[in-house]
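J.: Here it is, the structure in full.
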Amino acid sequence: MASDSSPASEDTFQAPVCCSARYNLAVLAFFGFFVLYALRVNLSVALVDMVDSNTTSADNVTSKECAEHSAPVKILRRQTGKRYQWDAETQGWILGSFFYGYIVTQVPGGYIARKVGGKRLLGFGILGTAVFTLFTPIAADFGVGALVVLRALEGLGEGVTFPAMHAMWSSWAPPLERSKLLSISYAGAQLGTVVSLPLSGIICLYMNWTYVFYLFGIVGIIWFILWISLVSDTPETHMRISQYEKEYILSSLRNQLSSQKSVPWVPMLKSLPLWAIVVAHFSYNWTFYTLLTLLPTYMKEILRFNIQENGFLSALPYLGCWLCMILSGQAADNLRAKWNVSTVCVRRVFTLIGMIGPAVFLVAAGFIGCDYSLAVAFLTISTALGGFCSSGFSINHLDIAPSWNGNSEGRDCLPLLRAHHDSWHIVGI
């Protein structure tokens with residue numbers, strides 16, 4: 001899948017990491033994806049508290065298979081959040097509606113990013129999601145239809161974020177730092193999940209579910225202000241970058257610039273490497289988003305954990321995934337830079353670990369019944385091993401895409417494509 005059989009070459013000098021503009025971008029992107037996933041998953045926990053438990057139990061014939069084992073929860077404050085009579089099918093529509101909007105803006109996001117810039121697209125995408133999140137309690141009061149539409153609109157906003165971030169990294173990430181920089185920025189998604197799930201459970205327990213949406217919505221707006229104020233689309237337009245670092249980034253990407261001014265859609269659609277990336281994304285995300293959306297419901301209805309235990313245990317798999325993402329990013333770049341392992345080999349090995357490992361443990365989790373410890377352990381290991389994919393197919397877009405040099409010619413072709421063995425590939429799938 002990768003674009004070459006040897007590590008990418010760079011000039012001998014390297015700009016310092018400490019206080020650098022490129023790593024500052026990675027940190028701000030980290031918190032951006034932290035907010036992004038917090039806004040995405042908070043409903044999964046809040047929904048458990050939004051729904052009348054009598055309605056759920058009546059519809060769920062498997063909820064009594066596992067014995068109740070949680071200690072009674074002592075509520076410190078009277079619960080004031082409104083409860084809704086939503087059956088399991090209705091809850092499924094509410095949880096799934098986000099992805100109907102999410103899928104619509106994935107491919108257009110890459111095209112829009114090269115027109116308006118990844119900074120604005122990513123910033124306003126998260127801002128829109130944060131604002132819609134603030135209106136979630138109102139939409140719930142209007143009814144299921146209004147809530148489904150609102151969540152779909154949130155999906156539209158979040159759908160542009162990964163293409164926009166890829167567009168920015170195509171201009172900012174030196175080839176031999178690519179795995180580290182992208183792993184740092186995208187690891188925020190896992191940590192956002194780790195924090196959001198238990199925190200949402202605590203908020204529901206001691207306050208009520210409406211504050212889940214208010215809190216995370218406000219955090220998203222604060223992040224947007226910092227993002228718009230501190231980052232730039234390219235090194236050339238950054239106001240505080242050192243000349244030394246700017247030259248380092250531009251020289252490392254010089255051989256990856258493309259003069260192509262039109263997008264060869266037909267050759268791209270016929271490209272087997274392109275479809276390999278698409279299939280890898282589809283396969284991984286099928287499992288990842290299914291667990292992300294339904295794990296709190298599984299913890300409550302099948303394993304029968306209370307709301308506080310639910311949040312913490314649902315977050316545990318994503319803590320493991322976050323650690324694997326950070327460590328795999330460091331390992332991947334070290335293998336390429338210090339051990340001279342080819343890019344294609346690194347991408348393939350990390351993809352295999354991140355795909356086969358989770359599949360094995362997820363299948364195993366289906367055969368352990370009501371063994372609570374094994375269920376949590378297998379789900380944690382499965383999700384954690386998926387973190388290796390962040391240095392596999394997930395970064396392969398930038399290996400085979402040209403870099404955006406910030407001028408008009410670069411905007412015509414980036415971040416959409418790059419020639420590779422007479423095949424063309426797309427960024428932002």
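For all residues, glycine too, the Cβ spot is worked out from N, Cα and C.
Automatic prediction, not curation, is the source of TrEMBL annotations.
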J.: For the annotation transmembrane segment in TrEMBL, which listed range does it cover: 144-164, 375-395?
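T.: Based on what TrEMBL states, transmembrane segment spans 375-395.
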J.: Between the transmembrane segment (211-230) and the stretches 20-39, 121-140, 274-299, 349-368, work out which stretch tops the count of Cβ pairs under 8 Å.
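T.: Top-ranked stretch among 20-39, 121-140, 274-299, 349-368: 121-140.
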J.: Where among 20-39, 121-140, 184-206, 375-395 do we find the most Cβ pairs under 8 Å to the transmembrane segment (274-299)?
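T.: Most Cβ pairs under 8 Å with the transmembrane segment (274-299) come from 375-395.
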